[in-house]
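Novice: My structure is below; once you've seen it, I'll send some questions.
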Amino acid sequence: MTISPPEREAKKVKIVVDRDPVETSFEKWAKPGHFSRTLSKGPTTTTWIWNLHADAHDFDAQTTDLEEISRKVFSAHFGQLGIIFIWLSGMYFHGARFSNYEAWLSDPTHIKPSAQVVWPIVGQEILNGDVGGGFQGIQITSGFFQLWRASGITTELQLYSTAIGGLVMAAAMFFAGWFHFHKSAPKLEWFQNVESMLNHHLSGLLGLGSLAWAGHQIHVSLPINKLLDAGVDPHEIPLPHELILNPSLMAQLYPSFKQGLAPFFTLNWSEYSDFLTFQGGLNPVTGGLWLTDTAHHHLAIAVLFIVAGHMYRTNWGIGHSMKEILDAHKGPFTGEGHKGLYEILTTSWHAQLAINLALFGSLSIIVAHHQYSMPPYPYLATDYATQLSLFTHHNWIGGFCIVGAAAHAAIFMIRDYDPTNNYNNLLDRVIRHRDAIISHLNWVCIFLGFHSFGLYIHNDTMSALGRPADMFSDTAIQLQPVFAQWIQKTHFLAPGFTAPNALASTSPSWGGDVVAVGGKVAMMPISLGTSDFLVHHVHAFTIHVTVLILLKGVLYARSSRLIPDKANLGFRFPCDGPGRGGTCQVSAWDHVFLGLFWMYNAISVVIFHFSWKMQSDVWGTVNASGISHITGGNFAQSANTINGWLRDFLWAQSSQVIQSYGSSLSAYGLIFLGAHFVWAFSLMFLFSGRGYWQELIESIVWAHNKLKVAPAIQPRALSITQGRAVGVAHYLLGGIATTWSFFLARIIAVG
């Protein structure tokens, strides 16, 4: 930490906003493309509408003034938050108006969650399945019911109130977006004041946010959930305001409330251990994490982040300076180290966004893996359809964010990177030895690809030849994942040494006893074997190839041996001009395009592995004779051949979606069919040449001219880049919707 010289102390509070910078007017709304000289002239060819969509939000292309760009982005964020609040409000409104939440609350193990009722217009009411408790509706798999129970919501009135609150917040956000662009817009120096931003985001957003949630959990969620777990009728449970205002009510449930704040100020904190616990594992009644553990966790997180938000130097001459930290960060082999990175991160929002997307995407994938192993909400673990949906959803989101990180890193390299300010720092050194990085990464991909695929091919061949003893499997040649098993064992044993008062390890997946709720497995030890070893190497392969493509796109965004002046051609271009063959599809955009396909591959293998593994080895029913898993443990025997994946996973488990017609799951059958069609439609764009379509269009235009109905706007074939964009969008949409309908029809039918 450094202390500032006294002359910096005298800094007075500065005005960091401009008043009324942009007048509010709807004139521009009537003029599509007002932000571009070319587009505002209106359409002459059909390419205009594509360029309009491509450039509407490309603020860099509309102005070079960083302050104006920053204000537009800042204002757009408020608009985004407004839309999120409207969406959330809609979810809560559906819970209040169209759901069986109160019935589900009374019997969450037998009644399924539903918050949508289909109106009978032409027979769609077949979709309203019987979810139990005398309610007909569509089974939802978003996890909102479990979240609401964990929050302590017991009545539909509370859901209505929260829905209205969401709309009020949305209005506030839309107002803020308008106000901070038109009335009081921050100056560039406000956006670049990173120390203030860190302090406010760490202390305010994360610190006080966690503290507020911990307070809600302690005063509202814990008492209500304790009573619900004990079987008290939701209608007889005191309302939140009664619990907050009446300490004697709380003291009946948590005796330490009698003592008030005395133990806190006398540092006798262990008195509060009746509602701030460190038990570990899952609550056997609900199959979720102990809510007293999660309240304790949020309180601890709040303390950490409130402290963290006091670390950076602002108007008082104490604390860290981000620039000083980065400039001082040098190692013996890293040249100038982090010098120059501060300037990059305060002048390039693409660089900032790239880092945030990479972190946020990784975090989303981490959430996916924790929400099944450590289910945070009551009765989440036994709702298999919701578990599968949340896992799948958070993986897809993470994959898209990580590809987006590479996209914006490449845009930064092209639009914002200045080689003169980055001599011999880490970024420059990485770019200078990019050939070594990419060629080594390429070797790793080849190694992983041939070896992982080769193990499967070997097994398929031996299986076809009737030689099971020569296969890699748990019953023949074993390839046990010994490191993963060691990690499981150490995590199972660790709490005994590091947290002797904890009742269990962090998750039953490490080892120990089965946690069953209402005769269903919530979580249990997950045994790993040869089949997991094989598919984990496919995970490694697909992830490394995705990284290879994306990283190559970033490192070669400005120049390459093939096209030394690539930076001048921009982020997306079809080829390096006429007369230079073999230079097509090399733009940074094309790397993002290819990266999306490999991201789709990678995530697909992950969610397929999860879906089959859980059905085979975890999910199922518990009775006196033991555990009966949904697919009876067939993962270990079948998942070690490609044929096994095709026959015993894809084919065997698609019968529910294929045979869903005439049942309440029939929508999934239609989506399955339609999404296959959307996916196939994408191939028409991906496998075709632009000239083919231009020829066809000209012949059709000729026919229109003959009939004197020629259009005023001249039709044009999609450009190569546009065609590829339309192709990849439909490929991903079709693929994801196919997987979604396949998973849900299956798991709702058998789960």
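In case you wondered, yes, glycine gets a Cβ from its N, Cα and C as well.
Below are the features listed in Swiss-Prot for this protein:
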| type | residues | note |
| --- | --- | --- |
| BINDING | Cys575, Cys584 | [4Fe-4S] cluster binding site |
| BINDING | His676 | chlorophyll a' binding site |
| BINDING | Met684, Tyr692 | chlorophyll a binding site |
| BINDING | Trp693 | phylloquinone binding site |
| TRANSMEM | 73-96 | transmembrane segment |
| TRANSMEM | 159-182 | transmembrane segment |
| TRANSMEM | 198-222 | transmembrane segment |
| TRANSMEM | 294-312 | transmembrane segment |
| TRANSMEM | 349-372 | transmembrane segment |
| TRANSMEM | 388-414 | transmembrane segment |
| TRANSMEM | 436-458 | transmembrane segment |
| TRANSMEM | 533-551 | transmembrane segment |
| TRANSMEM | 591-612 | transmembrane segment |
| TRANSMEM | 665-687 | transmembrane segment |
| TRANSMEM | 725-745 | transmembrane segment |
Novice: For the transmembrane segment (591-612), find every same-chain residue at least 6 residues outside the stretch whose CB is under 8 Å from a CB in it, and list them.
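Specialist: Contacts with the transmembrane segment (591-612): 372, 388, 391-392, 395-396, 398-400, 402-403, 406-407, 410, 532, 535, 538-539, 542-543, 545-546, 549-550, 552-554, 631, 635, 639, 645, 649, 653, 724-725, 728, 731-732, 735, 739, 743, 747.
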Novice: Quick one: give me the count of other CB atoms within 10 A of the CB of the residue listed as 'phylloquinone binding site'.
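Specialist: Taking all protein chains shown, the residue listed as 'phylloquinone binding site' has 17 Cβ neighbours within 10 Å.
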Novice: Which residues, given as numbers and ranges, are at least 6 beyond the ends of the transmembrane segment (533-551) yet have a Cβ under 8 Å from it?
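Specialist: Here the qualifying positions are 402-403, 405-406, 437-438, 441-442, 444-445, 448-449, 451-453, 455-456, 472, 479-481, 484, 591-592, 594-595, 598-599, 601-602, 605-606, 609, 639-640.
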Novice: Where else in the chain does the transmembrane segment (73-96) make close Cβ contacts, counting only residues six or more beyond its ends and a cut-off under 8 Å?
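Specialist: For the transmembrane segment (73-96), the nonlocal Cβ contacts are 57, 59, 115-116, 142, 144-145, 148, 156-157, 159-160, 162-167, 169-171, 173-174, 176-178, 180-181, 186, 191, 349.
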Novice: Out of Cys575, Cys584, Met684, give me whichever of these binding-site residues has the highest number of other Cβ atoms within 10 Å.
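Specialist: That would be Cys575, with the highest Cβ count within 10 Å.
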Novice: Please report the Cα separation of Tyr692 (chlorophyll a binding site) and Cys575 ([4Fe-4S] cluster binding site) in Å, rounded to an integer.
Specialist: 18
Novice: Does His676 (chlorophyll a' binding site) have same-chain partners at least 6 apart in sequence with Cβ under 8 Å from its own Cβ, and which are they?
Specialist: Gly734, Thr738
Novice: Who are the long-range neighbours of the transmembrane segment (436-458) in its own chain, taking Cβ under 8 Å and residues 6 or more past its ends?
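Specialist: Result: 430, 471-472, 479, 534, 537-538, 540-541, 544-545, 547-548, 551-552, 555-556, 640-642.
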Novice: Under DSSP, is Cys584 ([4Fe-4S] cluster binding site) helix, strand or coil?
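Specialist: In the DSSP reduction, Cys584 ([4Fe-4S] cluster binding site) maps to coil.
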Novice: Hey, which bits of the same chain come close to the transmembrane segment (198-222), Cβ under 8 Å, at least six residues off its ends?
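Specialist: Tertiary neighbours of the transmembrane segment (198-222) are 150-152, 240, 243-244, 250, 253-254, 275-276, 291-292, 294-295, 298-299, 301-306, 308-312, 314, 322.
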Novice: Taking residues 6+ outside the transmembrane segment (159-182), which of them lie with a CB under 8 Å of any CB in it?
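Specialist: Sequence-remote neighbours of the transmembrane segment (159-182) are 20-24, 71-72, 74-79, 81-83, 85-86, 88-90, 92-93, 95-97, 101, 148, 153.
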Novice: By CA-CA distance, flag whichever of Cys575, Cys584, Met684 among the binding-site residues is nearest to Trp693 (phylloquinone binding site).
Specialist: Met684
Novice: Pop the Cα-Cα gap between Met684 (chlorophyll a binding site) and Cys575 ([4Fe-4S] cluster binding site) into the table, whole Å please.
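Specialist: Per the Cα atoms, Cys575 ([4Fe-4S] cluster binding site) and Met684 (chlorophyll a binding site) stand 21 Å apart.
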Novice: Other than its own, how many Cβ atoms are within 10 Å of the Cβ belonging to Tyr692 (chlorophyll a binding site)?
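Specialist: Around the Cβ of Tyr692 (chlorophyll a binding site), 10 other Cβ atoms lie within 10 Å.
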Novice: Could you measure between Cys584 ([4Fe-4S] cluster binding site) and Met684 (chlorophyll a binding site) for me? Cα positions, answer in whole angstrom.
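Specialist: Counting only the Cα atoms, the answer is 19 Å.
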